[in-house]
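Asks: Before we start, here is the structure in question, set down as structure tokens.
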């Protein structure tokens, strides 16, 4: 399985095409506009794939950058061309949604190192005509943000009204606020932290070792070899997936329920629903994601430590900031527990920043940030509405009825798919 | 690596020899004494490898059975013949220790399905002359206990003074108390539960998929093929190892410290100490453990649900019991959190059992049960001393000074190795 090119799933074939020629918008930067990477290399040419929703207003003050998580992409509120699934944050972003595209101009870009059209290991290296593979220089969270900043600048936007994101997206939000304080009016980091913890690095390392142990990884050159480390990447995703859910939600959703059988089989089949579910998550992931991208993007998270370049003092990263912050965490998120958000809040307090913080009660673990969590929506909506007023951004022409799911869009809740966003 | 027999580490070669011809004592049961397995099969012939410490008293009333965890073995208090490391619970079991071998006769047997001399997938199938591999019927926790009961009976012991164990060992303790209440005077289940949770099954499934994804697993027939799924098993162990430690202990021990370097390498080497540590844990594990045994023993834990055969009412499993129980959990154990122990205690209360319970404050997660935890030692020592008095077992001839580390054995703390016990 997965050892010959003709085994590839049609989904995977579509995804491979997206790496160089994305279905979305794309900004290309030539040899005269190299991207400086933290590792020291200059990347050129390079490109960044993105989508936009809503309209940029006359004074270009209403742009909201949404940053995606580990395995997300630019299709925040529009169908993914590979999977055909709806946008990964349709509950949060859209007309009448908390990030209201009747009011804001939303930009969402695939991260550097990703596989959906922004330069990453699956992209063709113009110097060789072959995929970069692991010859692409390593990418960091600041690198991702630097690429986004170039995109935003190319769109003629000086200051973003807001930068919003969860998990790895939240890391980018924090990096944006620290690196470009004058270009971020408001920042909404959700379910995230200012550094990756030892336990989180450990889980990522397990995933990478699973990928690299797969002989079909071919030391990173599987695209040229016409192979795909599907089994290794599926194991990596399975392990990661456990960390996205809480023990409570696993217990509530699956417990010890058996899958399509009355009793255990006394064997190694997926007797339990949780096993069947995890196997499905692993197998469907490999179609839509590039294994080398998985290595790069997990590594970027591992390396992230916002305090490090500031002598280990996180508050210094935000010194003098005038950005207003809204920090949110979830009670059962053990990947980015509330303590990590509180560390950010304490640093912002120490820097004298304008910050509001909410810990939201949810039994859904880290995944909560992608799901239907009314308190999250109310928090983001309220914060952005207040900030928009302060920034002088006009509301939508016809104000909608209050509430998170406007009556014109009742179906969105039902069709939003889990898991595509991180 | 690991794809040819001559690549095998000397440690692995020693371990393979132990599967049929253990260095320890071994009880053999012939075709006239088959072992009935929960899956329906009769296993014969079969054998169980064990060690003993201390002396059985005249009325055979002082026997303590110690049950080992997932990847432990019978070498509870004596050097492991494969690794050369000291016994895995030397802090708990020995002269003057909480399980005092000056007073008690300690028996510890390798579990059924294990790889250190008790019949398991690495054992030679007498019907074919080849290793069983995955043709061995699946093993359950009750099967393991049934095998131990046959051993205990063969030693002429009617009633065990105590059964003691942590993690999977604790599951066996609970099963002993439920299946043979009249043969267990006292029971000490530590850091365990009466069933495996959905999250725990999930982690085990990841580990099994990692093993089975390794082409050197050869569908379970790697021993005959002269191969070894080292990479897959190492990934499985790495993932499991994270669950044995708490986020706090990982942070305290490793944090984001770099391994033998001043700065990150912008690559996929083990930059961080936690990565280096996990890789070491994975690699050293594969030498000392059989991959198929890992599949079997994890599956046994998954299947364990003591309440299930009692209509889902755990208290019924202990109806009428006269065994006295001492249940212990650790505050930061997220694999078997205190809630699981409390469920056992509530069931025991409902059954009117004599039970004491302690939740021990420790930052070491699940691993705490194997480590130097004075409150655990004091608890077990106090409980067993009281129970021994009630049972009329004489104390050691020359009473020792109170304390967990008697002055004659100061070195034991220093040489005990982590990780061998689970």
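Glycine is no exception: its Cβ is also placed from the backbone N, Cα and C atoms.
Just lifted these from TrEMBL, have a look:
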{"type": "COMPBIAS", "residues": "A:1-10", "note": "compositional bias 'Acidic residues'"}
{"type": "REGION", "residues": "A:1-23", "note": "region 'Disordered'"}
{"type": "COMPBIAS", "residues": "A:11-21", "note": "compositional bias 'Basic and acidic residues'"}
{"type": "DOMAIN", "residues": "A:62-371", "note": "domain 'AB hydrolase-1'"}
{"type": "ACT_SITE", "residues": "A:167", "note": "active site, nucleophile"}
{"type": "BINDING", "residues": "A:237, A:367", "note": "substrate binding site"}
{"type": "ACT_SITE", "residues": "A:333", "note": "active site"}
{"type": "ACT_SITE", "residues": "A:366", "note": "active site"}
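I would like each feature placed in context: is it buried or exposed, what are its neighbours, and how far apart are things?
Replies: Sequence-distant contacts of the compositional bias 'Basic and acidic residues' (A:11-21) (same chain, at least 6 residues past either end, Cβ-Cβ under 8 Å): 81-83, 115-117, 120, 122-124, 131, 223, 228, 286-290.
Of all Cβ atoms in the protein chains displayed, 28 besides its own lie within 10 Å of the Cβ of residue A:167 (active site, nucleophile).
Secondary structure from DSSP puts residue A:237 (substrate binding site) in a helix. Taking all protein chains in view, 24 other C-beta atoms sit within 10 angstroms of the C-beta of residue A:237 (substrate binding site).
Under a cutoff of 8 A between CB atoms, and with a sequence separation of 6+ in the same chain, the neighbours of residue A:333 (active site) are A:191, A:246, A:362, A:365, A:366, A:368.
Residue A:366 (active site) falls within a helix when secondary structure is assigned with DSSP.
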Asks: Rounded to a whole number, how many Å is the Cα of residue A:237 (substrate binding site) away from the Cα of residue A:167 (active site, nucleophile)?
Replies: 16
Asks: Specify the count of other C-beta atoms within 10 Å of the C-beta of residue A:366 (active site).
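Replies: Within a 10 Å radius of the Cβ of residue A:366 (active site) lie 25 other Cβ atoms.
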Asks: Compute the average pLDDT of the predicted model within the domain 'AB hydrolase-1' (A:62-371).
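Replies: A mean pLDDT of 97 is what the model gives the domain 'AB hydrolase-1' (A:62-371).
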Asks: Between the Cα atoms of residue A:167 (active site, nucleophile) and residue A:367 (substrate binding site), what distance do you get, rounded to the nearest Å?
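Replies: Here the two Cα atoms are 9 Å apart.
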Asks: DSSP-wise, what's the residue breakdown of the compositional bias 'Basic and acidic residues' (A:11-21) into helix, strand and coil?
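Replies: Result for the compositional bias 'Basic and acidic residues' (A:11-21), in helix, strand, coil order: 10 helix, 0 strand, 1 coil.
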